[in-house]
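Taken from TrEMBL, the feature transmembrane segment applies to B:20-40, B:52-71, B:91-112, B:119-139, B:151-175, B:210-228, B:249-277, B:283-305.
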Amino acid sequence: MKIEPLVQMTSISKSFGGVAALDDVDFQLLPGSVHALMGENGAGKSTLMKILAGVVQPDDGMIRKAGRTVRFASPREALDAGISTVFQEHSLLANLSIAENMCLGKEPLTVLGSVDVAVMEQNARNTLRGLGLNLDPATLVGNLSIAERQFVEIAHGISANADVIILDEPSAALNAADVEILNAQILSLKQQEKAVVYISHRMEEIFKICDTITVLKDGRNVDTVPVAAITPKRLIAMMVGRELAELFPPRPPRREGEVVLSIEGLRLTPDSAPCSIVLRRGEIVALAGLEGQGQRELVRSLVGRYAAHEGRVRIGSRELALPLPEDHGIRILQALGVSFVPEDRKLEGLFLELSLAHNLTIGLHSQHFELAPAGRHRDVIANSIKSLSIKAATPYTPVGTLSGGNQQKVLLGRYLALGADILLIEEPTRGVDVGAKAEIYKLLRAYANAGGSVVVLSRETLELIGLCDRLYVIHDKHVVAEMPAEQATEHAILEAALHR
Amino acid sequence: MSKVGQIFFRANSRHGLWTIPLLVAICCCAGLAAATADFVSRQNVLNLFAQAAPLILVSIGQMIVILVKGLDLSVGSVVSLTTGILSLNAPVYVTVPAAMLMAAVVGLLNGVAVTRFRVHPIIATLSIMGITQGAAMFVRPSAGGTVASEIVALVSGQLFGIYMPVIWTIVAILFGWKIVHASRFGLHLFAIGGGETAGTFGIAERRNVLAAYVLSSCFAAAAGIFLAGRIASGDPNIGTQYAVDSITAVALGGTQLAGGIGSLHGTLIGCGLLSLIANGMNLLNVSAFIQTVVKGAILLLVIALQPRKNIGL
């Protein structure tokens, strides 16, 4: 028996200003399936999904929904036709409650014409319950954690009673435990005979929950295959068009370099246990552990973005007492050759409207007296673009228009240009495709081999194990274990983190 | 922070921080009642109401615009032009619709400039203010003329023993409440003010922002009708103070100028507090110069002390 496809997209083409984003792409979705859409950043995944969601109109091609030809002029029309999207960007409004966010644009009204809060909250509560979430729908979204927000975002997508649900990187901001909950939700959607499109860069999840994989490259179909018939290695090869010998660069043999940074007696809060951390020259050290256990605060307290209770940091021959002043902690550290690369490149890292050249050199400019003439740093810009292989039309392209991987490289390039001896990096590859991930790992390893030292934080434990030399496992705001990366496994880290 | 502390010193909802101005207003009342004998007199309370009523009208409109990240500087000139139109030698059924039509057009121009041509709200409404003020000068070059007796009757006198300013204020408040806190439109205002993504929820951003500016102008025209009735004549400069006063009152009530956070009750408290301060300074014989200085200082202080986009946290 042949199952009638729920959505059939045929020969879709779309170009933006002469550049073809999609060229003759076919895509079909079956009911009761989870369909992964894979490809490097810029391969056309987002454009294809935006066309299906009515955000972008195709230049050519046909979309059939349940056998009928459709054309969506707006997201509203697509939603009415049962196609709902959870976009990658956080689109919830912080000043509205969960219920209001979920009902926005289609609020239930009372006989007097005002918004029926009771009905709205009841509906929202039911939807949240259906997903196994126990949140009060009257809570303002601004008061939720990032993971909770992501769940509400998904609940919002699902509450539309849609039969096609597009999830664009839903797990990028989630930790392992939350990903489990998300996966369970996706499987329950599948059982309800809905079609789910799943875009993610995390291989494990793809292989765990998806049925079919469609790979795009440079705006064209590469292939559509059942998950059972493919290996992760083969999938990566299809995405990048070549076999990735290895995602992680080889680790040099261990050597005991001199200590460049040491933290002693650090207590993040008055009631947390003190801990010490040591960083040696030429070494990449990871802070691993479950999310929200204080890894982030630990790194941020080093640059004054988090007020630790007490502690001492020794960098080279300088000794600093924590907490550092918030307004110029970063400058103090930068003067000592320590650079901090924040996690959220869009909000904290990059100046999205400014050019990539500007973003690369702004660190250099900030070292000089404010009224000093600003050098052009043409050589720095050219070198950075070349050595980091940043893909952009010109150095004057606004950095906001680049792909996630290229943005991340620009951010990294800014601190490399400063000639820092130590990098403190949060989430070096968040929302970045496999190809760019491998390049970033290579850059960091090359930096360490050249005598730099790196502290890395990441939600992806496998990344930490593959990239780093040594791991500290953080739990409940202090270090509970230290292990060389060769001996670390996800299991060992989890066990150390849960240490009881 | 304790529960009480949270309620009073943090904005835990999108209504903004309105509890502190309420406390300050109560303190002002108590202080003035103690310091001056006239404060609690029947005449002074009525005066206070008559002073506050037009400010409340203008401020409700101003708040609606501020909620969608805008600002309306043209409200004062709309007030002035309205009194000018009402003092023309024509029957009420011509002048009142003409004034409302004028207000709608001014609001539409503001809205189109902001939404369609993406002019910054301050610049857009500042230019429209110039145009409207010019029209007010043209219609009534200097204070004078007479306003139809029906309008005078509407704002002075009593209905069922209640003074008319009180009635109109209550009507305006109920109308404003309905718009801001009990309608889809109101929720959409908060949504648009809350972030860049309201459009993805299927909210027609431009149309709603346009409507906000039109409403603001219409509320200003209503204030103009009220004032024309009170002075029974036209005056091209009577509205001058209302742009700054309404912004001050709205900000004083905890509404954030960045948009998306605010409340009608906050705005009412802001209007009440501002009127109290003006009334108190009059009773204490503070000079007009100092009064202006104090108002400017309040605006600066309030904006500087506002928590930035701070919802709970």
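Indices start at 1 and increase along the chain as displayed.
Backbone N, Cα and C define each Cβ position, glycine as well.
Computed from a predicted structure; not experimentally measured.
The stretch with the most CB contacts under 8 Å to the transmembrane segment (B:151-175), chosen from B:20-40, B:91-112, B:119-139, B:210-228, B:283-305, is B:210-228.
If you count C-beta pairs under 8 angstroms between the transmembrane segment (B:91-112) and each of B:20-40, B:52-71, B:119-139, B:210-228, the highest count goes to B:210-228. Packing against the transmembrane segment (B:210-228) from elsewhere in the chain are residues 53-55, 57-58, 60-62, 64-65, 67-68, 70, 72, 74-76, 78-83, 86-87, 96, 99-100, 102-104, 106-108, 110-112, 114-115, 147, 151, 154-155, 165, 168, 172, 176, 179, 185, 189, 234, 238-239, 242: each is 6 or more residues past its ends and has a CB under 8 Å from a CB in it. Sequence-distant contacts of the transmembrane segment (B:119-139), counting only residues of its own chain at least 6 positions beyond either end whose CB sits under 8 Å from a CB of the stretch, comprise 65, 69-74, 76-78, 80-81, 84-85, 88, 106, 109-110, 113, 234, 236, 239, 243. Tertiary proximity for the transmembrane segment (B:52-71) is limited to same-chain residues at least six positions away from its ends with a CB under 8 Å from its CB atoms, namely 79, 114, 121-122, 125, 165, 168-169, 172-173, 176, 179-180, 189-190, 192-193, 208-209, 212-213, 215-220, 222-224, 226-227, 242, 245-247, 249-250, 253, 255-260, 262, 264, 267-268, 270-272, 274-275. Residues 11, 14-18, 20-22, 24-25, 28-29, 32, 48, 51-52, 55-56, 59-60, 62-63, 66-71, 173, 176-177, 180-181, 190-195, 294-295, 298-299, 302-303, 306, 308-309, 311 of the same chain lie 6+ residues outside the transmembrane segment (B:249-277) yet bring a C-beta within less than 8 angstroms of a C-beta in it.
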